Amino acid sequence: MLDRRKILTIGGVAGAASVMPLARLAHGDSTENGVRNATSHHHHGGKVTTRSVAANAAPPLDPFSVPMPVPQVLRPSYRTSKLDQYVLDIQPANVEIFPGFKTAALTYGGTFVGPTILATEGRAIQIKYRNRLKEDANVHLHGGHNPASSDGHPMDVIPAGGSKVYTYPNRQPGATLWYHDHVHHLEAEHVFRGLHGFYLLKGYDEARLNLPSGEYDVPIMLRYGKFDEDGQILFSPYDDVSTRTTFLVNGRPQPYFKVAARRYRFRLLNASNHGDFKVNLGGREMVQIASDGGLLPAPVSRKEVLITPGERAEVVVDFSDVPVGSSVVLESEWGPVMRFDVDRRGFDTGGPPAVLRPNPTLPKPTVEREIRMQLSDDQQVFWINGKPFDPDRVDVRIKRGTTEVWRIYNDDSDWGIDHNFHLHMVRFRVLDRDGAPPWPGESGLKDTVSVPPGTSVRVQATFGEHLGRFVYHCHMMEHSGPFQMMAQMEIVQ
Ligand SMILES: [Cu+2]
């Protein structure tokens, strides 16, 4: 049940500390504030300081001095002709993030980035999660088209010591999904402390596309972290998010990754609680082939890719012209994120084809809705359509199979607060941004979309096939969790 005490505590503390925590929380996303660099500890001169907000004091480390790991693939414990079954523990673990330091983390299976789960379109997976924490946990498969009972609704938790089997039918096109905690009020902290991992769903249609595969198909989780001098994770829901300045790439700070001089498929995920990644390769082309919902209709040539929290962007990068012994740095607006070191020759057989995965035709919508995202009048919480999240309230009822257009507004232009929007269970098409065409890379199916302050985005979705309650929310996790920028829909017959 809803923990009223916790809500009151958060509200009371936020009240005592005035609006500043929320304003800081929000402004951490904007480009005008904060410098992100994993190896130096900037202070934000002239900016308001708030109580209980420490600086990032991560152990000093030269950039590109640790290797980027590729998360281990989880092995099924049982396989039948139609189904793979897995067991995965949600457990505390001491992990190595900074060399020579053991960091206390919350993990799936003992690693800071959980094991990768490999799925195939049309072949179901069941995962038994055992909660070895001392508090509630649960699992949301972000981007998954799954029954409500397996969606990880914020109120549908696995109690401490308990377990739960989630069933994923995988009846959806291939895509880079990810799994993370979604317990109401705890998700921001749980994810920040390590409850995140990849779930790679391979589509029927991918084999014929000649995309880089095997060791040349690499999931890369980008996120921000914050640590004390002993390498321990610092988290507060009231944190100044612009102080989360450590770049973590698959769980290591500013790593290097050895590559062959050939094409790679990189599945970029922004798993940050807050903060965009706008990345480039110093002018080198990134051919975007997929977004949240999987393959785009056609490849899109990019020099810079913006990934907001929860979003994925898959890019094909060709290193064949890079001399062996040279490097290519992945940079963001806040500094170098990681380095690709070309250490051997490579061979491949051509780039992605001109046609990847045609979009399904857009059915005619029969319902239109407005979703308004904004800071509450008393500045204590964030609202969707004038209300904070109430798990006992259904905000919209949708007849199964209905096609709807939602226009999502970010009404926080006064504060300049970034939001984005994540819809559970279905994938949507981005129709337009204030009447203008969607951004590059938004041509396919998505489940999370950036909504900058003062703008609106129209999306279209068809709400099948699963009945029941699903949430939609801002994916900046302090907004949606502690500060309640979340609502729920019920799909009915
Ligand atoms: Cu938000």
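A Cβ is built for glycine as well, from the same backbone N, Cα and C atoms used for every other residue.
Lifted from TrEMBL, the feature list:
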- 30-51: region 'Disordered' (REGION)
- 92-201: domain 'Plastocyanin-like' (DOMAIN)
- 246-321: domain 'Plastocyanin-like' (DOMAIN)
- 366-489: domain 'Plastocyanin-like' (DOMAIN)
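Residue counts of the domain 'Plastocyanin-like' (246-321) by helix, strand and coil are 0 helix, 50 strand, 26 coil (DSSP-based).
Secondary structure by DSSP for the domain 'Plastocyanin-like' (92-201): 9 helix, 49 strand, 52 coil. For the domain 'Plastocyanin-like' (366-489), residue counts in helix, strand and coil come to 4 helix, 60 strand, 60 coil, using DSSP. Across the domain 'Plastocyanin-like' (246-321), mean pLDDT in this model comes to 98.
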